[in-house]
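Encoded as structure tokens, the structure appears first; notes follow it.
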Amino acid sequence: MEYRSLTLDDFLSRFQLLRPQINRETLNHRQAAVLIPIVRRPQPGLLLTQRSIHLRKHAGQVAFPGGAVDDTDASVIAAALREAEEEVAIPPSAVEVIGVLPPVDSVTGYQVTPVIGIIPPDLPYRASEDEVSAVFEMPLAQALHLGRYHPLDIYRRGDSHRVWLSWYEQYFVWGMTAGIIRELALQIGVKP
């Protein structure tokens, strides 16, 4: 697939035709969810945030809006939508959820479910000052280009863990966020 010519229709048809395989064990039982906001344009965008430097965990990192599932959430999808509204003012009613990717285990002990949603191009994003320092859009075709990600193997507590690294403009995209983007690319048939 030529990543430079990815249209929203291409993305949607590939995502819907190539369903994710969910078949692995997890050690993490605490649930979390992130919204993967795809901006509806002829050449779609991927909305990302940069977390506030004042946060205890993942300070300053590029991330998708999201967080822990709480008791008021009916599902992981509801949690992702609630967190997106809290962090960047995306109303849940503005998100067309098209599916989920297989959950990812975080190093902080959560099983994180990526929720894919299409959002309108004209939403007035408003970053929560407590949680988000920046909101930016990356062209989806660029984000899904696997050649932009570089592996780094980390050894922690006797285990090997691979993380992926990339830059977009002044933003360093790595860790779980980069891994989720790569999984989305593989899910729609982008070849490594």
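Including glycine, each Cβ sits where the backbone N, Cα and C put it.
Features as listed in Swiss-Prot:
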| type | residues | note |
| --- | --- | --- |
| BINDING | GLU83, GLU87 | Mg(2+) binding site |
| DOMAIN | 29-160 | domain 'Nudix hydrolase' |
| MOTIF | 67-89 | motif 'Nudix box' |
Where GLU83 (Mg(2+) binding site) sits in the secondary structure, as DSSP reduces it to three classes: helix
Remote residues contacting the motif 'Nudix box' (67-89) - C-beta distance under 8 A, at least 6 residues beyond either end: 30-35, 37, 47, 49, 95, 97, 100, 110, 113, 115, 117, 123-128, 131-132, 135
GLU87 (Mg(2+) binding site), number of other Cβ atoms within 10 Å: 24
Other CB atoms within 10 A, centred on GLU83 (Mg(2+) binding site): 26
